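Here is the structure we will look at, set down as structure tokens.
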């Protein structure tokens, strides 16, 4: 504190930071990237452990015996689903009632803002069926949920069969202290959204649904089951939810503990765990696993039905059966015992899961990176913005240079007009507002005048507005105030740098992965752009580091991480699909990534684009 309170020492420190500003910024950038890449190195990570005392031991005797009967039920469900061409509501109601559950149905409908061409739907109507097993030994104020989506075709029939088998088995147990809700939802996430909104008496997405006739207690935890094969070689846990939310780490720890106990092969991101962490291939495997989690979390979309529970502070995860590691095999009975053990442990909870981490990354199921370990990587990138802001501020408040005749350089230090700074800010944000509003509002006009579908019209309109924005704010500082001043671009860049620092900081606190990816691309832009750098080369670099190109490169990088590389043409089609899905996720489930990019990140990038062409 003495260093900062002494004016002379403070001035000396500021002079040092401004003189070495560029080298320090470069050093901080590479240090932040190296720090992040080092997080996957096993000695730098923490081993997973159970924080909740009620779930600290897996000494539960699992006795679920009816795996073959569950498969037979799944085949019967598939036959009825094929017969009626969708959810066999009547058969499910009768089957659940025969197992002693209180059975209820819920109808819902949703008109999409534009057709979802991936799943070929525009108006979605369906029915959810759920049965409640009332707790025989408690006041029925709390509940657990086991769900299985009714997917089209032959997908997930085995999961519904196992769900009904567990319902029949749980009905004969007397130790349940919480209601257990067995839910079969139609139309995947849309059906789950309708059920959760009705259960919690909210309607945030404008969906039409009928009120629930039966309710359980306050939901403490939920598991979503996805099995699409009679042969299961491993179980994969999916944690990423809406807007990058993650469940309490104890839920993943519980899954891993029971997999170790029962002897089930378990994966995360579809990848097996390796023990050769000290080898290059072992470290590379851990980095790729962690980067897959980062990419999925940054997308902001729910990667399973569990992702919508997290919005209501319900700890949830999806468990998917994988049939790819041929040397292993797990039968349905073993999967049922694993789920039985997890539900019995969750049944012991006296309060919500809260003692473990909510912010973490996982290079493997046995190790995790806590928020205290990965935030310094983002902090090293964010400090670059503060250093550049300090440098700009010092240049702005420094006294004018004195010429040989003793006269100050008035032209160099002339104060910029307010309009020269406010005009780019306003126009850039109006462009962002147009990017957010116009694609869905103008789809009908685009379809009438161009030979495109509604979905293509939305995506192409978004791309057109984005591209037009590169020209619209160009030299906007001269729109009302004539030529720009030298001090004018410095003030605008100071505002833009501080704006970006606040924006990235808030984003990283909510969704670290999204904030870190944006910082990797936007911080170099904010650091080097001035009107005095080579225009053509700098413009190319700025476009490559823009939000749209970052998304395009992320599509190819994600496919490489999944070991499914694609050609440029296929990657471009996936890129267009990702844009349409991002807009749909915002309108259907409330994903915040699209409005964040359109209303804040893109206008902020346009400010730096305007600075590059300042005259």
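The backbone N, Cα and C atoms fix where each Cβ goes, and this holds for glycine too.
Bear in mind that the values here come from a model prediction, so they are computed numbers and not experimental data.
Residues or ranges marked as transmembrane segment by TrEMBL: 20-41 (among others).
Packing against the transmembrane segment (371-390) from elsewhere in the chain are residues 14, 17-18, 21, 24-25, 28-29, 31-33, 35-36, 39, 44-46, 357, 359-361, 494, 497-498, 500-501, 504-505, 508, 512, 515-516, 519-520, 523, 526-527: each is 6 or more residues past its ends and has a CB under 8 Å from a CB in it. According to TrEMBL, the feature transmembrane segment maps to 371-390 (among others).
Feature annotation from TrEMBL assigns transmembrane segment to 496-529 (among others).
Through the fold, the transmembrane segment (536-558) approaches residues 292, 295, 298, 463, 466, 470, 517-518, 521-522, 524-525, 528-529, 565-566, 571-572, 574-575, 578-579, 597, 601-602, 605, 608-609, 612 of its own chain, all at least 6 residues removed from its boundaries and within a Cβ separation under 8 Å. The transmembrane segment annotation in TrEMBL covers 536-558 (among others).
The annotation transmembrane segment is assigned in TrEMBL to 592-614 (among others). Same-chain residues lying 6+ beyond the ends of the transmembrane segment (592-614) with a Cβ under 8 Å from its Cβ atoms: 243, 298-301, 424-425, 428-429, 431-433, 435-436, 466, 469-470, 473-477, 484, 488-489, 492-493, 495-496, 499-500, 503, 507, 514, 518, 522, 525-526, 529-531, 533, 535, 538-539, 542, 546-547, 582-583, 585-586.
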